[in-house]
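A quick write-up on the structure given underneath.
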Amino acid sequence: MKAPVRVTVTGAAGQISYSLLFRIAAGDLLGKDQPVILQLLEITPALKALQGVAMELDDCAFPLLAGIVTTDDPNVAFKDTDYALLVGARPRGPGMERKDLLSANAAIFSVQGKAINDHASRNIKVLVVGNPANTNALIAQRNAPDINPRQFTAMTRLDHNRGLTQLAQKTGKTVNDVKKLIIWGNHSATQYPDVHHATVDGKTATDLIDQAWYEADYIPTVQQRGAAIIAARGASSAASAASAALDHIRTWALGSAEGDWVSMGVYSDGSYGIEKGLIYSFPVVCKNGDWEIVQGLEINEFSRGKMQATEKELQEERDAVKELLPA
Ligand code: NAX
């Protein structure tokens with residue numbers, strides 16, 4: 001058996017974590033031969049509920065679960081950790097403006113970034129799920145100057161997965177047949193689900209769907225899927241978000257499928273003209289525990305406009321928390 005790895009999950013008593021933690025402990029994150037130690041962070045008032053979750057994890061007697069730490073101290077939660085899934089965030093309260101939400105989260109993610117910088121494994125892989133995910137990832141990254149910025153990522157895999165299923169259902173195929181979909185930009189309603197490079201069962205996706213459906217139906221359905229889940233379920237996406245978080249880390253750690261790519265919010269190096277340093281969702285290929293932005297894709301005018309609109313939103317989010325970002 002391999003030596004255990006440490007996996008930190010924040011917001012560990014919340015609803016996404018209630019799906020996520022049990023699947024991590026069952027081996028769905030890194031494989032059935034990889035023991036894990038769960039390091040669970042919550043705010044103080046939620047520690048009792050977190051204790052209950054830890055008791056249930058104990059009661060599953062998962063063979064791969066090598067230990068559980070529960071804490072309200074980020075310095076403890078991130079100690080020596082190899083993987084961090086930052087799920088906990090401040091939800092928008094009544095009367096809260098967008099800027100207030102950004103600032104409240106900036107406070108949380110700057111503390112966690114510093115704790116990662118000071119205590120985590122130097123090879124840590126960080127995934128931010130808590131919204132606004134891309135900007136929260138940027139704040140954590142900027143507060144961890146000793147860690148390579150490439151190690152901080154934001155989750156757009158749920159959007160990617162949503163896009164795969166919508167395209168598969170429209171064309172009468174399965175998700176296994178759909179390749180090379182892209183989510184560009186922010187995990188928000190400005191995200192751009194791009195099918196121009198996608199194939200379905202080996203055929204060019206744009207030959208199988210018409211532009212009117214793509215623009216009026218597909219793009220808004222993927223962009224607004226989170227709101228549609230809330231309207232239907234009375235609560236936001238939880239199990240699907242947890243599943244996408246597992247997919248994101250597993251692909252990053254173990255590699256993407258041959259002949260395909262995934263979407264990840266990653267540190268922009270200026271590819272496709274996107275401002276360097278933003279955490280922006282790109283098509284990426286993963287290999288040997290690292291990711292690379294897919295290069296050389298042709299971008300038409302329609303796509304360019306949408307990619308820039310979501311870039312602009314990310315620039316505005318960053319500018320709204322500028323004073324909390326170290327130089
Ligand atoms: P919940 O409100 O059920 O759980 C969040 C938990 O985080 C709570 O238990 C809370 O006590 C904890 N928390 C708050 N501040 C914390 C801090 N400073 N340190 C540690 N824990 C803290 O929300 P849930 O439904 O689990 O969603 C979590 C986050 O995921 C939200 O921000 C949500 O908007 C975001 N989502 C992101 C998605 C994505 O694709 N990137 C999709 C799903 C989801 O909407």
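Every residue, even glycine, has its Cβ placed from backbone N, Cα and C.
Taking a C-beta cut-off of under 8 angstroms and a sequence separation of 6 or more, HIS187 (active site, proton acceptor) has the following same-chain neighbours: ASN131, PRO132, ALA133, ASN134, ALA154, MET155, THR156, LEU158, ASP159, GLY265, SER281. Per TrEMBL, active site, proton acceptor is recorded for HIS187.
For GLY11, ALA12, ALA13, GLY14, GLN15, ILE16, SER17, ASN105, GLN112, VAL129, GLY130, ASN131, the entry in TrEMBL reads NAD(+) binding site. Following the DSSP three-state reduction, the secondary structure of GLY130 (NAD(+) binding site) is coil.
Taking a C-beta cut-off of under 8 Å and a sequence gap of six or more, ARG92 (substrate binding site) has these contacts in its own chain: LEU101. DSSP classifies ARG92 (substrate binding site) as coil under the three-state reduction. What TrEMBL records for ARG92, ARG98, ASN131, ARG162 is substrate binding site.
Annotation source TrEMBL lists domain 'Lactate/malate dehydrogenase N-terminal' at 5-150.
Look at TrEMBL and you will find 156-323 tagged as domain 'Lactate/malate dehydrogenase C-terminal'.
On the backbone, the CA of SER17 (NAD(+) binding site) and the CA of ARG162 (substrate binding site) stand 20 Å apart. By the rule that a residue counts when its Cβ sits under 6 Å from some atom of ligand 1, the binding-site residues GLY11, ARG92, ARG98, ARG162 yield GLY11. Recorded residues ARG98 (substrate binding site) and GLY130 (NAD(+) binding site) have their alpha carbons 15 Å apart, per Cα-Cα distance. Counting every protein chain shown, the number of other Cβ atoms lying within 10 Å of the Cβ of GLY130 (NAD(+) binding site) is 24. Around ALA13 (NAD(+) binding site), the same-chain residues at least 6 positions away in sequence with a Cβ under 8 Å from its Cβ are GLU42, ALA46, LEU47, ALA49, LEU50, GLY52, VAL53.
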